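For reference, TrEMBL has these:
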- 5-152: domain 'Phosphomannose isomerase type I catalytic' (DOMAIN)
- 108, 110, 135, 260: Zn(2+) binding site (BINDING)
Ligand SMILES: [Zn+2]
């Protein structure tokens, strides 16, 4: 008979865009769980801690060492529940991660279900599943990101600048989404020389000419330093995409096929159970996926900073009003953020599906299924369906939980 609630042992990966050693929140949280064998090395980059059953960086039960995936397969009715199995199948339908970002992640999109299933059939080694991957990112520190397209009027204003004329098709009557697609493709396909030359020319234009978009002049050297003057990602991000600067607790939602590139900060992310990505820009040329495939997959449903923001609201699951809910449209999961002060408590009403919770700061206790668990910064727990949680703390506590139902 399996426990309904058990502590997890997670792992970090070492992508080169991650923060180094102790500076990485992902690594620091990962290190807090005792008995995992994880040793933080200050010479290494730590990019992501994963908290799910996805095989690329799998999570285990801390007590038994058994893979979460195996435990869920053996006890799916009890842990996932009928409702979740019927809707999403017999695996954990979401994948929460902590990301610690030192420099820009590759410019990317996550293909929708139709494209993902075609790519998975054609190239299962690169596209390891056939699912879509809508994702949300909640800022745990200051968080900078490029996400979604700018309003067309802003892009059009920029493309009146002389150095950008070469990327425009000879004739267009109105600057619409297809113009945006074609300039993006033209930038991505341009030679290294053209990209470097264009960036140099853009840097020489006065702040006045950029008007409200003069931030481009501040960010350009930073991006050039992170990657190179030949990287087309610099131009696509600065000219075509929204630049977002978020504070802790603020969140963005990236729909399937939505263009994004995170720039800096610590975040908690949650996504549908998938690892499919098309990369281009902010990565070595060899890693760049087929530009035609990338640009033909782009969608243009979002056109402003406001379109990308995901507002939290008081959670109907909360018994004491201490939890906010982030509910992305069209996705398999929601996230809860619970913040408790001194001597406060919260009740999280039972969910008709699985949950994964992580303590990001503080300590206290969690009553669940008749047992009391000590919870502390960095502790991660799996919660089976139908279990009510009671958090209590003497000193303060912050908890994030992803769930599906
Ligand atoms: Zn992504």
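Cβ coordinates are placed from backbone N, Cα and C, and glycine is handled just like the others.
In TrEMBL, annotation is done automatically, which means it is predicted and not curated.
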* Asked: Which residue counts does DSSP give the domain 'Phosphomannose isomerase type I catalytic' (5-152) for helix, strand and coil?
  -> 40 helix, 41 strand, 67 coil
* To do: Enumerate the residues of the same chain, 108, 110, 135, 260 excluded, that satisfy the criterion Cβ within 8 A of the mean position of the Cβ atoms of the recorded Zn(2+) site; list them in sequence order.
  => 109, 133, 254, 258, 259, 277
* Hey, what's the Cβ neighbour count for residue 108 (Zn(2+) binding site) at 10 Å? -> 21
* To do: Return the residues near residue 135 (Zn(2+) binding site), defined as same-chain residues 6+ apart in sequence whose C-beta is under 8 angstroms from its C-beta, sorted by sequence, else 'none'.
  => 110, 253, 254, 269, 270, 271, 272
* For residue 260 (Zn(2+) binding site), which residues in the same chain are close in space, meaning a Cβ under 8 Å from its Cβ, but six or more apart along the sequence? -> 107, 108, 109, 145, 146, 147, 148, 241, 254
* **C-beta crowding around residue 110 (Zn(2+) binding site), within 10 angstroms** => 25
